[in-house]
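Peer 1: Could you have a look at this structure, given as structure tokens, before my questions?
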Amino acid sequence: DTHKSEIAHRFNDLGRHPEYAVSVLLRHLVDEPQNLIKKHGEYGFQNALIVRXXXKAPQVSTPTLVEISRKQTALVELLKLVASTQAALA
């Protein structure tokens, strides 16, 4: 939250609404995974996460990597649902 408020404060100094600025800055964090799921499907997305995580943290067990990738995929789906709900309410 401190980082978010710091970013918002910087953009507010530029005369922009802070919440808008943060949403614009963080939009790619939602869009990129959603686009990858659309392109490769959930299975392919989870495999990509497992490969990425194994390269960064080889000491983590395969079952743990699989569980983390499943949770990340579920989170992306939840964010997609939230975004579509917000768009419907707007």
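A Cβ is built for glycine as well, from the same backbone N, Cα and C atoms used for every other residue.
Swiss-Prot lists these features:
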- Glu6: Ca(2+) 1 binding site (BINDING)
- Asp13: Ca(2+) 2 binding site (BINDING)
- 25-90: domain 'Albumin' (DOMAIN)
- Ser5: phosphoserine (MOD_RES)
- Ser61: phosphoserine (MOD_RES)
- Thr62: phosphothreonine (MOD_RES)
- Thr64: phosphothreonine (MOD_RES)
- Lys80: N6-methyllysine (MOD_RES)
Peer 1: Could you tell me the C-alpha distance between Thr64 (phosphothreonine) and the residue listed as 'N6-methyllysine' in angstrom, no decimals?
Peer 2: 24
Peer 1: By Cβ count within 10 Å, point out the most packed of the modified residues listed: Ser61, Thr62, Thr64.
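Peer 2: It comes out as Thr64.
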Peer 1: Below 8 Å Cβ to Cβ and six or more residues apart, same chain only. Which residues does that give for Lys80 (N6-methyllysine)?
Peer 2: Val30, Gln34
